[in-house]
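Colleague: I'd like to ask you about the structure that follows.
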Amino acid sequence: TAPVPACFLCLLALSSACYIQNCPRGGKRSYPDTAVRQCIPCGPGNRGNCFGPNICCGEDLGCYVGTPETLRCVEETYLPSPCEAGGKPCSSGGRCAAPGVCCSDDTCVVDSSCLDEDSERRRVTPEQNMTQMDGSASDLLLRLMHMANRQQQSKHQFY
C-alpha cells in the first residue's frame, strides 16, 4: 500500500506544473514593472517591426501580412517581455504601422488618422514607389484589401 500514496504524490506534482513558463498570470502584457521594448525588427533589411505573429510593417515598406517577411515575427510570441510597435494609437485597438495603415496584433486596416501632415506633402521618389494611383484605383485597392481581410477572418472561424 506504500506505493499508492507515492504514485499519487508524483501525479499531483506533475499535474500542478506550469507548462507555459514564459508568461505571467494574465499574459505577457500584464508585466507591471517591465519597460515596454520595441518589437522585433523584420522585413527587407529589417526596416520594419512586428505587429503580430504574421504582420510586419515599416514606414517605408508598408505592411506584409502572412508573407515570408513575417516569419521572424513568430519569435515575438516566445519572448517574456511585452513590446510595442508603431506610432500613435489608432482604430480597433491598434497602432499606426505605416502611413494610412493601422495594425493590431492580428489585422491591419486603412485608417486616415495614421496619415501625418507631412505625408500628404511628401513626394514619393520613383525608387520608393513605382506606381502612383488616382482616386478610383486606390478605392479599388482599398475594397480588395477589405475583401481579403474578411475572407482571411472567415477562414479562422469554426462552425
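Here the Cβ of each residue, glycine as well, is placed from N, Cα and C on the backbone.
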Colleague: Could you identify, going by Swiss-Prot, the member of C23, C63, C73 that forms a disulphide bond with C50?
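Modeller: Disulfide mapping in Swiss-Prot sends C50 to C73.
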Colleague: With reference to Swiss-Prot, specify which of the listed residues C56, C57 is paired with C63 by a disulfide.
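Modeller: Answer per Swiss-Prot: C57.
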Colleague: Please name the cysteine among C83, C103, C108, C114 that Swiss-Prot pairs with C96 through a disulfide bond.
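Modeller: Checking Swiss-Prot: disulfide partner of C96 resolves to C114.
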Colleague: Out of C39, C50, C90, C108, which of these disulfide-bonded residues is nearest C114 (disulfide bond) by C-alpha distance?
Modeller: C90
Colleague: Specify the nearest of the disulfide-bonded residues C42, C63, C73 to C103 (disulfide bond), where nearness means the distance between Cα atoms.
Modeller: C63
Colleague: What is the one among the disulfide-bonded residues C96, C102, C114 whose Cβ has the most other Cβ atoms less than or equal to 10 Å away?
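Modeller: Its Cβ has the most other Cβ atoms within 10 Å: C102.
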Colleague: Once near-sequence residues are set aside, which residues in the chain of C73 (disulfide bond), 6 or more away, have Cβ atoms under 8 Å from its Cβ?
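Modeller: Once residues fewer than 6 apart are set aside, C73 (disulfide bond) is near I40, C42, C50, F51, G52, P53, N54, I55, C56.
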Colleague: Least buried of the disulfide-bonded residues C57, C63, C103, going by other Cβ atoms within 10 Å?
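Modeller: Comparing Cβ neighbour counts within 10 Å for the disulfide-bonded residues C57, C63, C103 gives C63.
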